[in-house]
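**Q** Encoded as structure tokens, here's the structure I'll be asking about.
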Amino acid sequence: HHPRATESATKYFLTQATASALLLFSAAMNAWMTGEWTIMNMNSYTPTTILTVALAIKLGIAPFHLWLPDVLQGLDMMTCLILSTWQKLAPMALLILTSHQLNTNLLTLMALASAIMGGWGALNQTQMRKIMAYSSIAHLGWMALVISFAPGLALLNLMIYLLMTSSMFMMLMTLNATNVNKLSISWLKTPTLAASMMAGLLSLGGLPPLS
């Protein structure tokens, strides 16, 4: 309904189309090398590297993370909720399925970069959607770091992340708070919800006693 949303939709489409093309290219290259279409036993270096990069772009893991804050900022809260939670399921499923054969060194480097960029990028933000986007980048970094060594633990982390992010976006929708200023005066209207939101933010940050 407005140019900013159109821009977000276009950026999202181009990013995901690129990642999907890389994913198909990786599968085709693997089929060409091994003679079978399954991606469960990739042995070659190039297809696994391309697959790792494609999934990183899809999930918004650094250094392919810059599309996520821009896209989320142009959308309404409900779409942001879907994009931050439901959209992560398919790429994460692929990442967990192929975790034993991904390029571990590349994934570890990207995961560390993601954790750093996610924490650093959110420091100077006033828009709640951008803060949540950087939170998503940081959390996905930690999941990507763990996934090569313990896929079950990464899945547990994903479930907790989905639960916390969903509750945060629902609270933001209820309070109609899109930036920090609106959030800071929300305790005057609904003190209970403001307290719950504080607990939710501390939980997302992993602070005791919610760690």
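Any Cβ shown, glycine's included, is placed from N, Cα and C.
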**Q** I'm validating the feature mapping. Which of 45-68, 69-92 is tagged transmembrane segment in TrEMBL?
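**A** Matching range for transmembrane segment: 45-68.
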**Q** Examine the ranges 106-124, 163-181 and name the one recorded by TrEMBL as transmembrane segment.
**A** 106-124
